[in-house]
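Asks: The annotation Zn(2+) binding site is assigned in Swiss-Prot to C279, D281, H461, C476.
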Amino acid sequence: MSSHITLIKTNTNNENQMTQFNYKVDNDVMIIRAMVNNVAKQITPVWPLEKFIACNSLHGFESMSFEEAVIQNQTAKKGTPFNEKLERVNWHMIKWCGSFLDIGQGTLEMPHRDKGLYFGFLKLAPFDSELHQNNKSTKSWLSNLPEMPEQAIRLCLNKLGVLNQKQEKFLKSTLSHLPGWAGYIKWISEWKNRNGKEENPVSLADFLAVRLIITCVLWPEASQEEKKKKKDNAYTKQLIQNIKNKEDDYRQLLLNKLLPELDKVQIKENRANAQMVFCIDVRSEPFRRCIEKLGHYETLGFAGFFGLPVSIKDYDGETIKDSCPVLLKPRFNIHEKAIAANEHCIEHHEKGKEFKNILNRIYQQLKYNFSTPFALVESLGIWCGITMFLKSCSPIFARRLTKDLNEMICPSIQTQPVFELDLLEKEVGISLQEQIAYAEMALRLMGLTDNFAKLVIFCGHGSSTQNNPYASALDCGACGGNQGGKNAQLLASILNKIIVRRALAENGINIPQDTLFYGAQHDTTTDEVEIYHSNVSQFIHQDILDQLRTDLNIAKHNNNLERINYLNSIDCAEKDIARRSTDWSETRPEWGLARNAAFIVAPRQLTKNINLEGRCFLHSYDWSQDKDGALLETILTAPMVVAQWINTQYLFSTIDNVAYGSGSKITHNVAGKIGVMQGNASDLMHGLPLQSVMSHDDKSFHEPQRLLTLVYAPREIISELVEKHDVLKTLFFNEWVHLVAIDPRSHLFYKLEKTNTWSVIQ
């Protein structure tokens, strides 16, 4: 079914001359595209391992209430009955997806990848004897498929006998069989490929077309066997009620802790020796408590990308990483350069790096070649055996030995960001006006506009683990699953510029001349904090800096003692935590963001004297400096949304680790360097591993509950912002997030109900 459209173009130079264009529009293609777009809305994007981002497993159902979405998806139900034909279809689909989406793990590359998944399948399927079983009619049918995936979808729906009114539902069911692979393809088409450029283009239409073709061949009666699945609503409703009970208990406990602290919020403190700005990550909270107890230090909370939407090219790396939230698109390209302290050291580093790259290329070529792997094993076997023995029996020693050898070959050097706008290559760097604008916005958002300390440390965070496909899940989510130290160093460098400070002073932010900014990084696995070299001066306030480094080591020890209680270790705290960061057999190097429960937007004075047990995201905020609510608007629509993604991923990975988690790490296989499978052919697992949320097989460590957001600000400001943004109305009124306002004047707690009314919490 098609239509003709005639377009007439008038020549502006001569109105009597017209050019006529005839276009043929295939209505079926448009209808199928519309259906695919509709069913795609309920698929959650799945990020690759290298930038593993937390996301709500039921993101596509947020238009429903939380309870309706959970019941509809039957989170707690048993698996569907085994269907051999369905499993065969899945197996073939996994084979094609794995081959097409592979990013360097496979020895041979799938032909025609640059033309798309469907095109490649179209050309290769007639040669797949496992699919057509050398049946002549099937092989002929595969050889004469239409060129467009939408046309193939229509052909298959008709061949399978799916009624028109049931086609969209059937497509939803088709996608639901492998939501992990479908979610990864959705990420490629909607998140990775925002600028329209992709080497190997793929879409959910491609995925559905290939899947339906395989279904026609292997499971032609699929539409007749698609039955309404029996729902265990009683079990699910009881599960939801248990979650609600935990939420009520935790909310009351937290509010009781906060109540005595409300009178302390307006107390102004004297100038601190040092201020440390940490990421809002829940793992920062216990460390902040530890360092605040050791001296005249003040800590603040801010999103760990420090307000800078940048892409960063590492000094030693060839890849460029987007170091900002996935909700944002990087605006600036930054690279690093070595600090020219020792030219001989830099030269040694460059030669060593080249030597290591050559060795790595040779090793990779030998390892993935058809004929050389056995020879490689024979020649390197004894050395690999020794390495395996050391890494297994003494991981700390093995790590230290590896580090020393690397230092001998390629000594580490200090680097600094290069961020000044390149007049010859304007795509690199940040203009002065934008440096000033982003620096001002960052300071205002973190509530640091006066009373600056002598030292201000912006502290990003990352983790250190071995043999861990989910390493990026432990790094900074606000930096797109990367480590945040470079963003911290970049903001510090900008704020150390005199011209930037003068411009900020004109806008009401007066930074004292004796204030120095430093970048740093907090290792959340070991609690080590590295303060980066400053290019301004290494002698000003050296006594304060030395004392701070000493106190940071003490804080590390104290926080290790607190954390070890949750890790069920009988060893010395620091020794065991150091081992976890270096042991390649360790399935739980740290707990990550497990037990996260609340997002608190308030001055630090409100929470400073409370042990929040590492369960709260803490964002600094002073409502008295934000009369129009613009800063709060940014906080609620960006970092709070990211916190909700994290919270729901942990929630669903806990209550159903099979459906929404990724199962045990013990049986993980990395697939194509993009994700993990259970065994050698499964769906692409898209949640957190069992070891990230469960202390034992049958006992959860994470407490599944929805995010509780507490905002220290007048209700009228909050209400205006909620009414202004659909995302906030969706999250609050559909009860994906609970919102409590703390009135700064009356000190009363108010809960926002799903009816858009406020009720006092007694």
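Glycine too: its Cβ is placed from the backbone N, Cα and C atoms.
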Asks: Which residues, in sequence order, are found in the same chain with Cβ within 8 Å of the centroid defined by the Cβ atoms of C279, D281, H461, C476 at the Zn(2+) site, excluding those residues themselves?
Replies: F278, I280, R283, S284, G304, G460, G462, D475, G477, A478, C479, G484, H522, T524
Asks: Can you see whether DSSP assigns D281 (Zn(2+) binding site) to helix, strand or coil?
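Replies: Where D281 (Zn(2+) binding site) sits, the three-state DSSP reduction gives coil.
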Asks: For D281 (Zn(2+) binding site), just count the other CB atoms lying within 10 A of its CB, please.
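Replies: D281 (Zn(2+) binding site): 27 neighbouring Cβ atoms within 10 Å.
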Asks: If you count other CB atoms within 10 A of each CB, which of C279, C476 wins among these binding-site residues?
Replies: C279
Asks: Using all protein chains in view, find how many other C-beta atoms are within 10 Å of the C-beta of H461 (Zn(2+) binding site).
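Replies: Result for H461 (Zn(2+) binding site): 27 other Cβ atoms within 10 Å.
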